[in-house]
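Step one of this worksheet: look at the structure below.
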Ligand SMILES: Nc1ncnc2c1ncn2[C@@H]1O[C@H](COP(=O)(O)OP(=O)(O)OP(=O)(O)O)[C@@H](O)[C@H]1O
């Protein structure tokens, strides 16, 4: 057994629920190697039956990467930890390589976890990574504010919360970052005391990339103070973001309904219900959801829209969403422009960023295309919601077509056996940071998306 202070591993891991097994993402660098050994130490003492798999992604981008993956395999064998190497075999983009590698890494890690039936992935992100992330985002936001002539006080601050302690990936695997509160130097000390080596990725020192430049800038002068300030800022902003999310969630719960698939109605009382920042945040989340966009609409435009809504009736478009304020209420729906063209129905895809398609009939003859003008033939009874709006919303829903004939909307009549269509909460469908859990849950309930899987922390549930 490793000679590690029990208090350290207890404080890092005892709040995490490991009952469904865990993947440890181990690159072979110091941080994730320390993560693996500290975790193994904790599980051996407290829950030795826990299913643990270490996974190394070989991106195949450097000549040494295969050997580094093998070194992790050897370390795992020494400590009796099951290990898998997964190779990124697809084509590599010529620009934006770090971002593409990161996307692919998460996809492959989630796939490995899913294959084992594990809902949890642990990464070795540290306090140093957190400080770098916050300072890089702050630098970008300040640049943006200067370019647009805005004062710094207007910075949205959302990104300054940094990385969340847990992020739900693809609405199914929790990525947990237990080392976010620890400095890299302390982790390296742990490894040195155990006589365990690690690989130094030369990319981390390549100042052609933004993160290594920031890392180098923090290595000297007043780096220590800047890191402490960035961590304090992240802690403050993450609390603020959680609070803002709670406010938005409660407004959505009180004022939003869904009269038809793809149509959200907001009670106009929302506009004067209280905290304007929370109202605008709620609007941004609902707009991105209705439009099927992964990013929230711009803060300044959303504020302008809010101001116009307060002034009275309007019809406007933002984030691919038509906002229609009339006597019957404020209605949001996907605009008719730019909907996906007809295409063969494929399993496990997200259509238009809004609808997850599960194919039960793989005969291959089915097409998915917007319901379009076929919605005009639907009989819709007169109610509180104008039928024209319901038809317009349904026209932007995915319908099934076969041999040129519209079979109707999935979930109705004969089509339900062939295909299932489930709404997704677009802005959080790929990455849901735990800061945003409250609005994600309430929007999922509103639009009929799958519920958020429970947070893997003891004492928490997704309710
Ligand atoms: N190739 C990889 N295989 C598996 N996990 C990885 C890989 N690269 C990164 N990770 C995970 O993501 C975390 C953060 O990535 P980052 O690029 O900051 O790490 P690194 O500098 O390559 O390695 P380390 O964090 O181990 O020092 C790592 O701690 C690790 O958990």
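Just so you know, glycine gets a Cβ as well, placed from its N, Cα and C.
Nobody curates TrEMBL annotations by hand; they come from automatic prediction.
According to TrEMBL, the features are:
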- 23-216: domain 'tRNA(Ile)-lysidine/2-thiocytidine synthase N-terminal' (DOMAIN)
- 27, 28, 29, 30, 31, 32: ATP binding site (BINDING)
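Of the binding-site residues 28, 29, 28 has the largest number of other Cβ atoms within 10 Å of its own Cβ. One way to see the shell of the ATP site is to take the Cβ centroid of 27, 28, 29, 30, 31, 32; the remaining same-chain residues with a Cβ within 8 Å of it are 26, 33, 34, 35, 124, 198, 199, 201.
In the structure as shown, the Cβ atom of residue 31 (ATP binding site) sits within 10 Å of 22 other Cβ atoms. For residue 30 (ATP binding site), other Cβ atoms within 10 Å of its Cβ number 22. Reduced to three states, the DSSP call for residue 27 (ATP binding site) is coil. The 10 Å shell around the Cβ of residue 32 (ATP binding site) contains 24 further Cβ atoms across the protein chains shown. Counted within 10 Å of its Cβ, the other Cβ atoms near residue 27 (ATP binding site) come to 23, all protein chains included. Residue 32 (ATP binding site) falls within a helix when secondary structure is assigned with DSSP.
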